[in-house]
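What TrEMBL says about this one:
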BINDING   Gln10, Ala11, Gly12, Gly13, Lys14, Gly110, Thr111, Gly112, Glu142, Asn169, Asn187  GTP binding site
DOMAIN    2-206  domain 'Tubulin/FtsZ GTPase'
Amino acid sequence: MKLAMIGFGQAGGKILDRFLEYDQRTGSEIVRAAVAVNSAKADLMGLKNIPEENRVLIGQARVKGHGVGADNELGAEIAEEDIDEVQGAIDSIPVHEVDAFLVIAGLGGGTGSGGAPVLSKHLKRIYTEPVYGLGVLPSQDEGGIYTLNAARSFQTFVREVDNLMVFDNDAWRKTGESMEGGYSEINEEIVKRFGILFGAGEIEPGGEVGESVVDSSEIINTLSGGGVSTVGYAAEEVSREKKGLLSRFTGDDDGADDGMDAANTTNRITSLVRKAALGRLTLPCEIDGAERALLVMSGPPKYLNRKGIERGRKWLEEQTGSMEVRGGDYPVSESGFVASVILLSGVTNVPRIKELQQVAIEAQDNIDDIRQQSEENLHRLVEDDEDELEPLF
Ligand SMILES: Nc1nc2c(ncn2[C@@H]2O[C@H](COP(=O)(O)OP(=O)(O)OP(=O)(O)O)[C@@H](O)[C@H]2O)c(=O)[nH]1
């Protein structure tokens, strides 16, 4: 599936940069166009893979290239004011060649948190292609203002996109790691999961030998209907030496040895499907009640079979209670792994979002209290007790 990706703010830009690197490394060709938007000049300069002409600095008149300092209302305002400049960069995208837009942003800061929903609304108004969001939630230790920003942006972003895929930094935080080192690993996890998912829809049917290759329309149908999505992943290394010895045909009616291999292949697939769905999701949630799901099995074709995918799909139907579970394979001959990626779309039982909103409301109340108190304190400091002094003017 070919995407026009727009990275908004620092996190958005860095993740997009990483998607380009992933594309080059794996040859998956999912990023048809890449645009980075930011109000901080230094952040744009730090990007490695996004062409210079596709880096757009917004809000120069207001913040002079220094960022909005986690003020997402200001982030939204400058995005609105400078939308023509962003559109200028998007004009160079051959939109007829893309299947969808993907707007990526960290929701805890200012620029991406405020700007991403504004841009999504704009794109949806202008283009017929679906507009998806990839929103990153801050980890809980980032503090009240980041949580408040994320909670407000989340509400707005979900409303303005065709589907919001969420990644929760909190679920992936490791203690004792530097922020940058931590983000580097986290960003790799993000591009791996979404790279396999979107890459699956990029394989031409009949290109690689696949039994039931995932088509980009299956990804689009799984994401259609809106709401919030999460992605699960599990992989197992397949030893490269043994690959040549294994049967080329893993169908059901092979000979005795091949039948044995086919059974192993099927078991491996079903076990990977369970691990992916029950392990750590990009946004932890209850999978029961997910409206739609898509199972992608990637790896060398000889390790993929229809029976395994069919069983995995059935199991997912039981677990989610959904009637719309799609599944298929993404054959990658040279891979040393068999991986299962599961997109769960329309999830609604997400305790993490409820917690985030609770903390955000507390932070909002605290901020209001502190603001009011400090106004009173300042008044008490500046005014003399008996009100005997007159200001100059
Ligand atoms: N996964 C991931 N999250 C990040 C990364 N950098 C920042 N974040 C998260 O994204 C949030 C927003 O940060 P930024 O993207 O730096 O903010 P911004 O949109 O540039 O906005 P301002 O800096 O306030 O102008 C942070 O609170 C973090 O939770 C990154 O490289 N990867």
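Cβ from N, Cα, C; glycine included.
TrEMBL entries are annotated by machine, without manual review.
From a predicted model like this one, the values you see are computed outputs, not experimental measurements.
Structural mapping of features recorded in TrEMBL.
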{"residue": "Gln10", "record": "GTP binding site", "Cβ within 10 Å": "25"}
{"residue": "Gly12", "record": "GTP binding site", "Cβ within 10 Å": "30"}
{"residue": "Lys14", "record": "GTP binding site", "Cβ within 10 Å": "23"}
{"residue": "Thr111", "record": "GTP binding site", "Cβ within 10 Å": "34"}
{"residue": "Glu142", "record": "GTP binding site", "Cβ within 10 Å": "20"}
{"residue": "Asn187", "record": "GTP binding site", "Cβ within 10 Å": "21"}
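Largest Cα-to-Cα span within the GTP-binding set Gln10, Ala11, Gly12, Gly13, Lys14, Gly110, Thr111, Gly112, Glu142, Asn169, Asn187: 20 Å.
Annotation note: Gln10 (GTP binding site) sits in a helical segment as assigned by DSSP. Reduced to three states, the DSSP call for Glu142 (GTP binding site) is helix.
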